[in-house]
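Per TrEMBL, the feature domain 'EamA' maps to 3-135, 150-286. Summarising the annotation, TrEMBL assigns transmembrane segment to 5-24, 30-47, 67-87, 93-112, 119-136, 148-169, 176-199, 214-232, 244-263, 269-286.
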Amino acid sequence: MRSYVFLIITMILFSGNILIGKAINDLPPVTITFVRCFIAFFILLPFSIKELRRNRDLYLREWKPLVGMSLTGIVLFNFFLYASLQYTTSTNVAVIEATTPVFAVVLGIIFLKERLNGLQYVGIVLSLVGALWVITKGSWAVLSQLQFNVGDLLVLVAIMAWTIYSLLIKQHNHKFPLIGSLVIMLFLATVVLLPFAALEWSSEILDLLNTERILGLLYLGIFPSVIALIFWNKGVAAIGPSRASVFLNLLPVFTIVGAVVFLEETVTFVQLIGGALVIGGVYLSTRETKASRVEIQEMKTGVTK
């Protein structure tokens, strides 16, 4: 029972990443991503020092995949996710982002030579139709005239970064201890983001001392980055990755509820239909596949949600 509670709390914390990102979206996206990485890095650093020293040669030898995972899974994914929230609703972001496991399935077909059954192919189509339904607002005119919301397209770019990250995770993450590799990736992300964040700060005076912003940034650096990581790993260890993957479908549900309650967003019929199609499609397409295990593995790193 405790493991189920851990997994539900994890999904709530991850949904908070989108909701808080929307609430403080008057801050530039690079700044949000930088501060989140900076906070998470310094929280996890004391717990990883021994691991870093013990595996120093490994990290130096395998620096290329670490850089790749840091750039795609932390820097690009989070930047485009937070950037999207400046233009579209958190509900749209949640529904479109929920299709990411489906892209893992597609990657599994292409790179892992997986064979899927007919039901799983139906799931892929359902998820993509659901996402397209939300992006186009259920209107053929939007699709035919390519009048898409910029924010919705930025979520798709974030998903593209995620697909590359998931490939790297599958190929390389088994080489590294969990906390040590995460700390290194957070450090690399912080170094990469710092000059771009400095440019944002030089172009405009940011009021980072605003109480709402401080609390929001602390939430992003602590809860989805650290606490959710611990709870997720405990839940997966207790009930296994296949059963734990079902809980991923709660992420858009919690986000939509939070958007209505806390952000006073209005959920439309189009979003509800699209969300239902995405969740149903994800469930069908990720049942007992290697690709679903890629999703589980990358969730263990705590950097992509």
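Quick reminder: no glycine exception, Cβ is built from N, Cα and C everywhere.
Automatic prediction, not curation, is the source of TrEMBL annotations.
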Reported mean pLDDT - the domain 'EamA' (3-135): 90
Highest-contact recorded stretch vs the transmembrane segment (176-199), from 30-47, 67-87, 119-136, 214-232, CB pairs under 8 Å: 30-47
Within-chain partners of the transmembrane segment (148-169) [C-beta distance under 8 Å, separation at least 6 from its ends]: 65, 68-69, 72-73, 76-81, 83-89, 92-93, 96-97, 99-100, 103-104, 107, 111, 134-136, 142, 294-295, 297-298, 301, 304
